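Trainee: Next up is a structure, given as structure tokens.
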Ligand SMILES: NC(=O)C1=CN([C@@H]2O[C@H](COP(=O)(O)OP(=O)(O)OC[C@H]3O[C@@H](n4cnc5c(N)ncnc54)[C@H](OP(=O)(O)O)[C@@H]3O)[C@@H](O)[C@H]2O)C=CC1
Ligand SMILES: C[C@H]1O[C@H](OP(=O)(O)OP(=O)(O)OC[C@H]2O[C@@H](n3cnc4c(=O)[nH]c(N)nc43)[C@H](O)[C@@H]2O)[C@@H](O)[C@@H](O)C1=O
């Protein structure tokens, strides 16, 4: 029986990973899944995380808990983004090690790469230039997470792996009007405009930045794919000082094109305008996914289908969704 702790199991990604592991259980896999809500275990609390890890002694840890938000939240609450993420990573990774956990997977983000990184961004562009200012504190914490894993691997011979997701979306997302990422924000704004018969919807920034989107079910599948890789295979495809793996869909679109897609899915027929007083952030951050592709994984859910499914989820779960 393998005992797996999923940190952040009520979040969008952690929830999708939990669903896929439960499906494996239902098919007879010998898995024991353990989790704690944020209220039950605050991962920024070192002593609480130590006591939890010592009491549970999981075999595997999946770290999908983090302080997460879109461009406005990152820009407005930088202290929370750097402090909470550093604490969560340091506590979970160190206390997992102290409790004898030899296998761990943590999630970073595509914002770890320099603002001016050549496109598509390969893993080895890490730490080659200045970061995007709107999310530098969050990115620094995410880079620290990668380096924590690499350092424990090098010094202690454990097997801690890192995946770097592109922009994610899907069921369970946060639809808050200000603090969410662009896709859930636009789904909500276009839905409400259609419902209220508005003639115009305004999107933030110039509409020209490009983003690469990946459905959360693809992300959960990629995370488990990387976690399941035999160590020899993982090691053969990575470097001890550069051990993270990009996860993306392989293509990007402009924010204006994204808005047009969301308008179509939600049935909005009015005008789309831009608000250049809001930040654009990075102009482009397309992931180079050749490393993961060579290992044998590729995304399956197309953007239009994914938005359609997410919109239906939003309509059906409006009362309980994070809005
Ligand atoms: N969403 C995206 O577009 C992207 C996400 N990622 C990364 O993927 C991972 C998962 O993100 P996602 O699922 O979208 O985020 P969510 O916000 O949906 O989920 C994060 C989860 O972490 C929990 N959490 C936060 N702080 C604490 C804490 N101090 N103690 C315990 N639990 C805590 C949250 O609980 P609660 O809500 O109760 O606080 C929530 O359940 C993160 O590492 C994120 O950085 C990377 C790239 C893109
Ligand atoms: C995943 C990634 O997410 C964050 O980076 P980001 O990609 O810039 O995030 P975003 O999804 O919030 O915005 C994408 C683009 O879209 C534009 N945009 C238009 N209209 C809305 C809008 O209504 N809301 C939002 N949020 N953005 C909008 C917005 O101006 C920007 O040009 C990181 O901080 C960090 O957390 C991280 O790793």
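Heads up, residue numbers simply count up from 1 along the chain you see.
Using N, Cα and C of the backbone, Cβ positions are placed for all residues, glycine too.
Caution: TrEMBL annotation is automatic and unverified by curators.
Here TrEMBL flags 138 as active site, proton donor/acceptor. Annotation comment: TrEMBL describes 8-14, 107-110, 142, 165-168, 181 as NADP(+) binding site. According to TrEMBL, the feature substrate binding site maps to 189, 204, 211, 280. Per TrEMBL, domain 'NAD-dependent epimerase/dehydratase' is recorded for 4-233. The feature site 'Important for catalytic activity' is assigned by TrEMBL to 109, 111.
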Trainee: Between 138, 204, which of the recorded positions has its C-beta surrounded by the fewest other C-beta atoms within 10 Å?
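Mentor: Relative to the other recorded positions in 138, 204, 204 has the fewest Cβ atoms within 10 Å.
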Trainee: Does any of 8, 111, 211, 280 have a Cβ within less than 6 Å of an atom of ligand 1? These are the recorded positions; tell me which, or none.
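Mentor: Listed by sequence, the hits are 8.
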Trainee: Could you give the Cα-Cα distance between residue 168 (NADP(+) binding site) and residue 189 (substrate binding site), in whole Å?
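Mentor: About 18 Å separate the Cα atoms of these two residues.
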Trainee: Reported as an integer number of Å, what is the Cα distance between residue 280 (substrate binding site) and residue 111 (site 'Important for catalytic activity')?
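Mentor: Residue 111 (site 'Important for catalytic activity') has its Cα 14 Å from the Cα of residue 280 (substrate binding site).
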Trainee: Where does residue 280 (substrate binding site) sit in the DSSP three-state scheme?
Mentor: coil
Trainee: Which of the recorded positions 8, 111, 280 have a Cβ less than 6 Å from any atom of ligand 2?
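Mentor: 111, 280, in sequence order.
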Trainee: Among all the protein chains here, how many other CB atoms are within 10 A of the CB of residue 109 (NADP(+) binding site)?
Mentor: 23
Trainee: Could you round the CA separation between the residue listed as 'active site, proton donor/acceptor' and residue 111 (site 'Important for catalytic activity') to a whole angstrom and send it over?
Mentor: 8
Trainee: Given the binding-site residues 189, 204, 211, state which is nearest to residue 109 (NADP(+) binding site) when distance is taken between Cα atoms.
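Mentor: When the Cα distances are compared, 211 comes out closest.
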Trainee: So what sits near residue 14 (NADP(+) binding site) in its own chain, CB-to-CB under 8 Å and at least six residues off in sequence?
Mentor: 6, 7, 8, 35, 62, 64, 65
Trainee: Sort the recorded positions 11, 111, 165 by C-alpha distance from residue 204 (substrate binding site) and give me just the closest.
Mentor: 111
Trainee: Using only the Cα atoms of 189, 204, 211, 280, which the record gives as binding substrate, return the largest interatomic distance in Å, rounded to a whole number.
Mentor: 19
Trainee: Which ones are near residue 111 (site 'Important for catalytic activity'): of the binding-site residues 11, 165, 189, 211, which have a Cα within 10 Å?
Mentor: 165
